[in-house]
């Protein structure tokens, strides 16, 4: 941009110099024309003097001596006049040559002036094109800066969501471990209850065999059986609840893994878009 401005200033300076040279050439031309006019006037005056001398020579040709002297004087004047005429002709020729050179300089100056004006016009058009491109580039950079800020915000949101999902996953994994421990504990208790049920069943069979002997204890045994049955149902209910909890947690883990995968894909896409925007800004 500074180089173009310097070039514009140089072209303007060349234009001003060309105008000055053109004005100087015009002044030289006018001065040469004035000198040529003066020399032509002097030539006409000398021609008039020569004619007067010739007339005077004719007038006094009748007087031999005077005529001879006057003739010699007239011839001398004529010779001087011819010399003056020749000198004037040479001066006129020099003035004409100087006038031709001045006209050539004027034509050269005018041509340079025209070329300088064309170059200045082209430079102005180039400046306008460059300014338009610079304005478009600035607008594009502003848009890319806005897009970059938005991409950074999106990336930051994605990072926060990713961290939140990771924390949730850690919590769920911990809950899953505890649920698995409770399920194992429930399974152990179920096994114990099954063993206890078998023992109770065996005892019940033994009691049934001795029912007649121990009929007075029947109510007590029935109550024990009911209590044991309730404990068995409770254990089975707890085992079913543990199984449903494990199933629900497994589904939650699957959903979170899907969400985590989707967030990773989104984060990857945002990172690629951000890299692309940074590459565009770097290339600019």
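From the backbone N, Cα and C atoms, a Cβ is placed for every residue, glycine too.
Swiss-Prot has this to say about the protein:
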- 1-284: coiled coil (COILED)
- 53-80: compositional bias 'Basic and acidic residues' (COMPBIAS)
- 1: N-acetylmethionine (MOD_RES)
- 45: phosphoserine (MOD_RES)
- 174: phosphoserine (MOD_RES)
- 186: phosphoserine (MOD_RES)
- 206: phosphoserine (MOD_RES)
- 252: phosphoserine (MOD_RES)
- 261: phosphotyrosine (MOD_RES)
- 271: phosphoserine (MOD_RES)
- 283: phosphoserine (MOD_RES)
- 13-38: region 'Disordered' (REGION)
- 53-82: region 'Disordered' (REGION)
- 116-141: region 'Disordered' (REGION)
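Annotated pair residue 174 (phosphoserine) and residue 261 (phosphotyrosine), C-alpha to C-alpha distance, rounded: 20 Å. Cα-Cα distance from residue 45 (phosphoserine) to the residue listed as 'phosphotyrosine': 115 Å (rounded to the nearest whole number). For residue 174 (phosphoserine), the Cβ neighbour count at a 10 Å cut-off comes to 10, with all displayed protein chains included. Cβ contacts within 10 Å of residue 45 (phosphoserine), excluding its own Cβ and spanning all protein chains shown: 12. Neighbour density for residue 261 (phosphotyrosine): within 10 A of its CB lie 11 other CB atoms from the protein chains shown.
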